[in-house]
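Over in TrEMBL, the protein carries these features:
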- Glu52: active site, proton donor (ACT_SITE)
- Asn39, Val40, Glu41, Asn42, Ala43, Ser44, Tyr45: substrate binding site (BINDING)
- Cys50, Cys84, Cys87: Zn(2+) binding site (BINDING)
- 1-125: domain 'CMP/dCMP-type deaminase' (DOMAIN)
Amino acid sequence: MELVSKCLQARDKAYCPYSRFPVGAAVLTADGAIITGCNVENASYGLTVCAERTAVQRAVVEGHTQFSAIAVTCDIKDRFVGPCGACRQVLMEFGSDWTVYLTKPDGSYKETSLSELLPLAFSPSHLAKN
C-alpha cells in the first residue's frame, strides 16, 4: 500500500536527536494526494512537532483540508502504536471519518479509525452549538 510505504519513508527523515524515536506519517487527501510528515524535535522539548501534525500542516499549506486516511509508524516492532492524544485531536479538527493505519517497521499494519482512537471527541461541531 503506497500510503504505508510513504509513512515508512517519512520516518527515515525524522529529526529526533533527543528521543531517538523516529516517527513518520502520511495523510491521504480526499482528492488522492499523499502528504508526508516526520517528527521534528527541539531542545526546548515542548516545541517538538509530531509527524502526524507535520503531515496535516503540510497538507493544509498545499490547500488540502479534507482527508480520508493516515498511516503512522515508529520503530517499535512488537506492537502497533497509535498517534498521541494531541495528534488525535488535530486529526479530529478535519473530521472523524479517518481510516488510520497503525504501521510496524516491517510494513505490516492494523486498520482502525479515528473514531475508535478518540471516542466522545471534542470537535468543531461543538463550537457551532454555542
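The first residue you see is number 1, and the count goes up from there.
The backbone N, Cα and C atoms fix where each Cβ goes, and this holds for glycine too.
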Near-site residues: Zn(2+), ref Cys50, Cys84, Cys87, CB cutoff 8 A to centroid: Val23, Ala51, Glu52, Arg53, Pro83, Gly85, Ala86, Arg88, Val90
Close binding-site residues near Val40 (substrate binding site), where close means Cα within 10 Å, chosen from Cys50, Cys84, Cys87: Cys50
The domain 'CMP/dCMP-type deaminase' (1-125) [mean pLDDT, rounded to integer]: 97
Position of peak Cβ density within 10 Å, selected from the binding-site residues Asn39, Asn42, Ser44: Asn39
Nearest-integer angstrom distance between the alpha carbons (Cα) of Ala43 (substrate binding site) and Glu52 (active site, proton donor): 20
Binding-site residues compared (Val40, Ala43, Cys50, Cys87) - highest count of Cβ atoms within 10 Å: Cys87
Local Cβ density at Tyr45 (substrate binding site) - other Cβ atoms counted within 10 Å: 9
Cα within 10 Å of Asn39 (substrate binding site) - qualifying recorded positions among Cys50, Glu52, Cys84: Cys50, Glu52
